[in-house]
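> For 6-26, 33-54, 74-98, 110-129, 135-153, the entry in TrEMBL reads transmembrane segment. The feature domain 'PAS' is assigned by TrEMBL to 169-207.
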Amino acid sequence: MTWNIWNIIRLNAFIVYSLLLFIVIWRAPGTKLVRAFTLYLISMVIWSLGSFLMHAEFHFGVALFWNKFMLGGIAGYLMAPGWFLFIGLATFNLIQSYRKARDSFYRNRLKYLLAGILIMGAGLTTNLTKLGRNPLDISINIINALLIAYVIFRYKLIVLTPAIAAESIVETMSDSLLLMTPEGKIKTVNPATLNLLGYKENELIDQPVEILFAKEKLSKGKEFDDLTKKEAIQTEHKGIYRVK
């Protein structure tokens, strides 16, 4: 077996894809999104393993076997036109969704997925040049897989529990929302509130809620107690937020 920088890259790709596959299955088996991403990772595991063993300089018959293993034989070539059509339609739908989306949280998710497609496209184009003799496409697709995994875990797309659903609603709602403890300390603040007042989340969490209100309009005691009542928030204390 020959060890060189390119074969090490192929082996590392196999290891990275295998680890990602294990993590995704372990975190949330059975969901529709995970099943789709799992199939993608399985194909990448087969591809990287087949490429590694094919270039390990066995005799021709063994190399041919691993080439067929990597590509699925003639089936890999027959599926190629449909695959390109599918990727093209998926890219078109992502672009259309991004253009129509108004929610920044949703647009960020689409940005990562579009970036992944562009990265994957860049990897494929290397096969049309002399660089195609090197496993640059495998290396670039590792970046794409890591990007997709990041989006899934970062935006909690794996399991939709009631808690995650509630958190997602709070993060994406356009109205300001602030939750505080019985002692009057800020416990949760949503992005809409941060954008409105100009604060960062770490500047408000566990701070007394009084810092958000003008001193001349708010004092401790009865007036603070009134602030926690829905009617008071809607009338007397309307418009007394202190921006940064």
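Keep in mind that glycine also has a Cβ here, set from the backbone N, Cα and C atoms.
Remember, TrEMBL labels are computer predictions, not curated facts.
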> Using Cβ atoms and a strict cutoff of less than 8 Å, what residues sit near the transmembrane segment (110-129) while being 6 or more residues removed from its termini?
87, 90-91, 94-95, 97-98, 101, 136-141, 143-144, 147-148, 150-151
> Report, as numbers and ranges, which residues of the same chain sit near the transmembrane segment (135-153): CB under 8 Å and 6 or more residues beyond its ends.
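Residues 6, 9-10, 12-13, 16-17, 20, 23-24, 27, 33, 37, 40-41, 44, 47-48, 51, 109, 112-113, 115-117, 119-120, 122-124, 126-127 contact the transmembrane segment (135-153) from elsewhere in the chain.
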